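Quick look at what Swiss-Prot lists:
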- Cys31, Cys34, Cys50, Cys53: Zn(2+) binding site (BINDING)
- 27-290: domain 'CoA carboxyltransferase N-terminal' (DOMAIN)
- 31-53: zinc finger (ZN_FING)
Amino acid sequence: MSWLDKLLPPKIKQTDPKSRKGIPEGLWVKCPSCEAVLYRNDVDANLHVCPKCDHHMRIGARERLDALLDPEGRYEIGQEIVPVDSLKFKDSRKYPDRLKEAMDETGETDAMVVMGGAIHTLPVVAACFEFSFMGGSMGSVVGERFARGAQNALEQHVPFICFTASGGARMQESLLSLMQMAKTTAMLTKLSEAKLPFISVLTDPTMGGVSASFAFLGDVVIAEPKALIGFAGPRVIEQTVREKLPEGFQRAEFLLKTGAIDMIVDRRKMRDEIAQLLALLQRQPADALA
């Protein structure tokens, strides 16, 4: 027994590390904005919005779709499509190794989830990026799932909604990923010709090839509060132009002020706001919504 053990009262003893295995981890989360320490269950119940400062944290694709769509009648689109290493690409690591790691961490097979369903009984098709999967980068699978979602909306004659959260085109797929920019915008042209609404919701972050292709092509373009939206990141721009950027540059509020987006909507009100917009765009009475 050490001299310190002799001084400590009997009740103040270091617990056995083996006994700590039953203690659950991740019960608390720190807000990246106000740095408040929050109970994770409260954050989850608040759709990952800080109850102290209203900061919108990042949220998973399926959790977002769960909050958007009615619980009944959902169906997934394009889940059978999986990525392949057509170019045998290798940077610091092999592409298949990166894919496997992302799949294990997220439980998804790529960076987009597409579902058909309804919002307050109004039928829709909704696509959502999974940012945790390789930064939400757009590759062949993301482009194909987006296209199939839009095609399904055409066939069902229902509106199409997309929530973006992406760093841009997927480097590991080179030109195949860049081709998705044209592919996705071409599908939106078909939706426009069919007079079907497309609502684009820009979340943090929406950058690169996604922002440069379909993200701003919505009949209504919505953003979440303080979302980072642009092509190149602010640090890259500052290093290039060698000037300090204005406060809030490339944030949702800046884009609203300059007319690049139509509205900013709190995540907790998103479902109701989109339902109201769909009723308006389809000339349905708003008070008829369930």
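Placed from the backbone N, Cα and C atoms, the Cβ positions cover glycine too.
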Ten-angstrom check, please: count other Cβ atoms within 10 Å of the Cβ of Cys50 (Zn(2+) binding site), all chains counted.
21
Just name the winner among Cys31, Cys34, Cys53 (the binding-site residues) by count of other CB atoms within 10 A of its CB.
Cys31
Cβ within 8 Å of the Zn(2+) site's Cβ centroid: which residues qualify beyond Cys31, Cys34, Cys50, Cys53?
Pro32, Ser33, Glu35, Ala36, Leu38, Pro51, Lys52, Asp54, His55
